[in-house]
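Novice: First the structure, which I've put down as structure tokens, then a few questions once you've had a look.
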Amino acid sequence: MNKELVLVVDFGGQYNQLIARRVRENRVYCEIVPYTTSIEDIKEKAPKGIIFTGGPNSVYGENAPRVQKELFDLGIPVLGICYGDQLMAHSLEGEVTSPEKREYGKTDVNLDNSSLLFKDMKEKDQCWMSHTDYISKVPKGFKIIATTDECPCAAMENAEKKLYGVQFHPEVEHTLFGKKMLKNFLFNVCNLKGDWTMSSFAEQQIKAIKEKVGNKKVICALSGGVDSSVAAVIVHKAIGKQLTCIFVDHGLLRKDEGDQVEKIFKDQFDMNLIRVNAQDRFLGKLKGVSDPERKRKIIGEEFIRVFEEEAKKLGDISFLVQGTIYPDIVESGTNTSATIKSHHNVGGLPEDMEFKLIEPLRELFKDEVRAVGEELGIPHKLVWRQPFPGPGLAIRVLGEVTEEKLAITREADAIFREEIAKAGLEEKIWQYFACLPNIQSVGVMGDERTYCHTIALRAVTSSDAMTSDWARIPYEVLDKVSRRIVNEVKEVNRIVYDVTSKPPATIEWE
């Protein structure tokens, strides 16, 4: 696709995805690549700008990440952040020092607003620092353009070569001028147009899919979630009835979800849809299994088996559509980030699979997927449907999965979702659900002692699922949810609310 590109070079920093999000907020496409990416690969990608992320290392560390010095002579603007700033100075023969005192948290910074980087900004503002080492001598051709009381070089520039470095983190909210500074880098330094929109993305994807597929047949694994739904519609717009969607109902869906999926895609979108009722098969495979990773793998493998069986019945199929999105790729592990969970879309595909993959959304964060869905005319309610994991309720029922536990979780979850909708909070909360933590506790109902299940409610705010905070749901809403669940769902006598952010917790419990 012909689009302007910024590369975010990953040095292992905790804010890498946030940097990418900040760039994309300016309608500029960017990709995160490992620091080991070769000069040849960078030249081939032809980025209009490069951003070095922060990272946990010191430039003097034995195994500290490095880049080839030639990168700074490519004529491509570079912005180094924190470790990226220090690495730029070190690579170009400046000096980096380790002081006795580190600088961490909100800090007042003095800015030279004659620099393009700080154009139209105040001379003094607030930034967020998180570093031990700092630049004590800038490289030849550079000048200092920002200072703090503790850091003699809070930012530097070589305006002629368009090389910039900042010791602080412009991507976080605590740097009050950070978004404006990144905008200056993108538009005043890199001279980008900012013309990457979701409508142009959809048009380009539809055109590319048409060219790739030709007159061949395509199948799509449809779950009814936002990602697979948008992926299916974008491919259907490209090739129409050449696409057949297979909906594997594994019996691990939310209340009435299977029927809703069938109705929307068969009736409303007029797609070729095959629904496979495989509940007994999946529950049989999960019998006696309580380890969450084993559950994920079993469901992923069985899903593929069922899917392949159905695909064979269709005859000559060349392509498989998947709703993989960018966080799936990032969280499933790169050179600089550990695997957090086995993602249902990324892991578990058999090596001998005969289909070629079509992943139209693999470049997008979740909020961008929703925007594409709106552009494609998908109903608002479906586009804003709750994120739902591939393994379904199997990872919201902690421990062994049984029909009884699924029924309890399904009913409690339906009540929670219903009350959130009644309170008008559906689109204010990123994700909300009930789970069964495999805990029983003593209670009293009427005059009798009970020993029943506990339901945990989880609700988070986020924009892309990379980080999240627990949602501050009004007490009166939580009270109503709690009273309804203990009165309407058998075998439940206690409700708890999860008040943990991500990190340290993940959004799902398993």
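Backbone N, Cα and C atoms are what each Cβ position is placed from, and that goes for glycine too.
Per Swiss-Prot, the features are:
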type     : residues                                 : note
ACT_SITE : C82                                      : active site, nucleophile
ACT_SITE : H169                                     : active site
ACT_SITE : E171                                     : active site
BINDING  : S223, G224, G225, V226, D227, S228, S229 : ATP binding site
DOMAIN   : 5-195                                    : domain 'Glutamine amidotransferase type-1'
DOMAIN   : 196-385                                  : domain 'GMPS ATP-PPase'
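Looking at the shown structure, can you explain where the listed features end up?
Specialist: According to DSSP, C82 (active site, nucleophile) is assigned to coil rather than to any helix or strand. Around C82 (active site, nucleophile), the same-chain residues at least 6 positions away in sequence with a Cβ under 8 Å from its Cβ are G13, T53, G54, G55, S130, H131, V166, Q167, F168, H169.
Following the DSSP three-state reduction, the secondary structure of H169 (active site) is coil.
Contacts of E171 (active site) defined by a Cβ separation under 8 A and a same-chain sequence distance of 6+ are given as Y15, L18, I19, R22, I81, G178, L182, in order along the sequence.
Around G225 (ATP binding site), the same-chain residues six or more apart in sequence whose CB sits under 8 Å from its CB are G323, R385, P387, F388, listed in sequence order. DSSP gives G225 (ATP binding site) a coil state; it is part of no helix or strand.
Summed and averaged per residue, pLDDT over the domain 'GMPS ATP-PPase' (196-385) gives 85.
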Novice: Taking the center of the Cβ atoms of S223, G224, G225, V226, D227, S228, S229 at the recorded ATP site, which other residues in this chain have a Cβ no more than 8 Å from that point?
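Specialist: Other same-chain residues with Cβ inside the cutoff are L222, V230, A231, A232, G323, R385, F388.
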